[in-house]
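Student: Right, I'll just put the structure down here and ask away after.
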There are 2 protein chains.
Amino acid sequence: MPLIESEAGLIERLRDLFHTSFENGVEVGIGDDGAVIAANNNKLVATVDMAVEEIHFKREWSTPFQIGAKLTTANLADVFAMGATPKYLLVAAAITEVNNSQTVTDLANGIRSVADKFKVSVIGGDLSKSEKMSLSITALGELSGKAITRDGAKVGDLVYLSALPGLSAAGLAILTRGLNRPKYVVEAHLNPKLVAPNNLMKVANSMCDISDGLVSDAGNIAKASGVNIDLSKELLQKSDDYKDLAELASELGEDVFDWILTGGEDHFFLATVSADKASDDLGLLVGKVEAGSGVVNLDGKAITKAGYQHF
Amino acid sequence: MPLIESEAGLIERLRDLFHTSFENGVEVGIGDDGAVIAANNNKLVATVDMAVEEIHFKREWSTPFQIGAKLTTANLADVFAMGATPKYLLVAAAITEVNNSQTVTDLANGIRSVADKFKVSVIGGDLSKSEKMSLSITALGELSGKAITRDGAKVGDLVYLSALPGLSAAGLAILTRGLNRPKYVVEAHLNPKLVAPNNLMKVANSMCDISDGLVSDAGNIAKASGVNIDLSKELLQKSDDYKDLAELASELGEDVFDWILTGGEDHFFLATVSADKASDDLGLLVGKVEAGSGVVNLDGKAITKAGYQHF
C-alpha cells in the first residue's frame with residue numbers, strides 16, 4: 001500500500017530510526033519490497049500482536065514511546081513463551097499525526113527501547129494515516145530446540161511463575177481513578193518490563209505468557225495438556241512482591257487476588273517443570289499439575305472467572 | 001494483547017477458517033503463543049502491509065472479502081518482487097463488528113481466496129475491536145536463490161512490465177463518479193488479480209512491484225541502481241490492453257497516461273533484464289536502462305510527477 005506524501009523520505013527516516021549494528025543475518029533491511037533474513041537455523045517462531053487506541057491504550061495515559069514499548073514487550077513475550085529467541089520485528093503503524101515527525105520518532109524509540117535490549121532488529125514496516133492510532137507488530141524468533149507448547153504439561157509437574165502478576169492491574173486501577181502514582185505501579189501498566197525466562201526455557205515441559213491473566217492462561221495449558229493446574233494461595237503469598245501488592249489493593253479497596261489471578265497484561269511466564277528439576281532459580285513455585293480435565297484450582301477449588309477482558 | 005470476549009472460541013474459529021491441508025512445514029499453527037515453521041531453507045523474505053478504512057478503502061465500495069483479498073494481493077506481490085515464493089501470512093485485523101461472525105468470516109475468506117491460490121498458510125493472527133476497520137498482514141516467503149533487489153539494474157538492461165498498469169486507477173475514477181461499471185474495471189480496483197512473475201523472477205537483474213505507480217517505482221529502481229530508466233510511449237501503447245484503457249480514459253475525460261504512469265495499486269511487476277535474455281514470455285517490453293543518476297524518462301523527457309498518493 002502506498003505510504004504518505006514523501007514515501008522515499010519516510011522510508012529513509014524509518015531506516016535511520018531502526019538502524020542498529022546487530023548482525024542477525026539481515027541481508028536486506030528496510031527500503032526494498034521486503035526484507036531478507038538468513039536465520040541461523042531453519043526453525044522460526046512467528047507471532048503477531050495488535051494494539052488499538054481506546055481498546056488497548058489511551059493517549060491521555062500513554063506516550064507514543066510507551067505504546068511502542070508495551071506492544072513490543074507483549075510481542076517478544078510470545079516468542080519467549082514458545083522457547084525461542086526473538087530476532088526480527090515488522091511494524092505496521094496507523095497514526096493521526098502521520099506527518100508529525102516526533103510521534104513517529106517516539107513510537108520507533110519505544111519499540112527500540114525493548115528490541116535493543118534483546119538485540120532484535122526491525123526489518124520492515126508500514127505507516128498509514130488513521131483517525132485513531134493503532135499498531136501491529138509481527139515478531140520472528142529462532143528456535144534452536146523443540147518449541148515449548150501449551151500441551152506439554154505432565155501430571156506431577158511443578159508450576160512456576162517467572163514473577164508475581166498483578167502490578168499491571170494495580171497500575172490500571174490507579175489510572176482509572178484519575179491518579180498517577182506510585183510511579184512504579186503506573187509504569188508497570190504503561191511500560192511493563194520484560195525479562196527473558198532463560199532458566200524456565202531450559203527445563204519447561206509447557207509454557208505460556210500470562211498476559212491474558214494467570215487463570216485464563218493457566219487454563220489454556222490445562223486444557224491443551226488435559227490436566228488440572230492447582231495453584232496455592234500460600235505459595236503465591238510467599239513472593240517478595242506480595243506484601244506491597246496486598247497493601248496497594250487494600251488502599252484502593254480491591255481484592256489483591258483479583259489482580260493476581262485475573263489482572264492480565266503482566267508479561268511474565270507460567271511454566272510447568274518436572275519435579276526433579278525444581279530450583280529456586282526458576283522463579284516462584286506456585287502450584288502443581290494434577291490429573292484432570294483442564295481445570296484451574298486455587299487451593300483445590302476450581303476458579304472459573306475469565307481473565308481480564310478489554311471489552 | 002487480550003482478544004475479545006471469548007478468546008478461546010475465537011481462536012478456534014480462526015483456526016478453522018484458516019485450516020488448509022498445505023504442508024509448508026507448519027509445526028505449530030494458530031492457537032499457541034506463536035506459530036512454529038520449519039522452512040525448506042534458511043533464507044526468508046518478510047514484508048508487512050497495512051490497509052486502513054477511509055485511507056486505503058471505503059466500506060461503501062469494498063466488501064470485507066475484497067478488503068482481505070486486496071491486502072493479501074499487495075502483500076504477496078511484495079514477496080514475489082523480491083524473487084521469493086510466499087509461504088506464510090500473519091494477520092492482524094481491527095474491526096467494528098468484532099462479534100459479527102460474518103465480517104470475520106468474509107475477511108478470512110477474502111484472505112484465503114488469494115493465499116490458497118499460491119498455497120500460502122495463515123499461521124497467526126490477532127483480532128481487535130476498533131471504530132474503523134484496519135488490517136495489517138505480514139507475509140513470509142522462501143528465497144531459494146539470491147534476492148532480486150532494486151539496486152541491480154544495469155546500463156543496457158531492457159525494462160519489462162508483467163502487465164500494463166492503469167486499470168486500477170480507471171476503476172477508482174469510475175467509483176469516484178458514483179458509478180459501478182464496467183464491472184471488470186471496478187473489480188481491477190477493488191479486488192485486483194495477482195499473477196506470479198515466474199518468468200521475470202528467473203532472469204531479472206532488478207525488480208519491484210508497481211503498486212505505488214509506475215513512475216514512482218521505476219524511480220526507486222533508477223535511484224537504487226544509479227541509472228536512468230527510459231520508458232517508451234510507443235512500446236506502452238503496444239500492449240493488448242492499451243486500446244480499452246485509452247477508450248475508458250477518453251470516455252471519462254482523463255489522460256490515459258496519467259493512469260498508466262502514476263495510477264498505482266496495480267500489483268504488476270517492473271523488472272530490468274539483460275538484453276541477451278529478451279523474450280516475449282517476460283511480458284511487455286517498455287523501455288531500457290541508460291546511464292544516468294536516478295531519473296525516469298518517457299521518450300527521453302524526465303517525468304517528475306510522483307505516484308498516486310492516498311493523502
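Every residue, even glycine, has its Cβ placed from backbone N, Cα and C.
Quick paste of what TrEMBL says about this protein:
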DOMAIN    A:31-142  domain 'PurM-like N-terminal'
BINDING   A:D33, A:D78, A:D209  Mg(2+) 3 binding site
BINDING   A:D49, A:D126  Mg(2+) 1 binding site
BINDING   A:D49, A:D78  Mg(2+) 2 binding site
BINDING   A:G125, A:D126, A:R150, A:S211  ATP binding site
DOMAIN    A:154-232  domain 'PurM-like C-terminal'
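Each of these features: where is it, how hidden is it, and who are its neighbours?
Tutor: Sequence-distant contacts of A:D78 (Mg(2+) 3 binding site), defined by Cβ-Cβ distance under 8 angstroms and a gap of at least six in the same chain, are A:T47, A:D49, A:A139, A:D209.
Secondary structure from DSSP puts A:D126 (Mg(2+) 1 binding site) in a beta strand.
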Student: Give the mean pLDDT for the domain 'PurM-like C-terminal' (A:154-232) on the 0 to 100 scale.
Tutor: 96
Student: By DSSP assignment, list the helix, strand and coil residue numbers for the domain 'PurM-like C-terminal' (A:154-232), in that order.
Tutor: 36 helix, 15 strand, 28 coil
Student: Please give me the CB contact count at 10 A for A:D49 (Mg(2+) 1 binding site), counting all chains in the structure.
Tutor: 26
Student: Within 10 Å of the Cβ of A:D126 (Mg(2+) 1 binding site), how many other Cβ atoms are there?
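Tutor: Around the Cβ of A:D126 (Mg(2+) 1 binding site), 24 other Cβ atoms lie within 10 Å.
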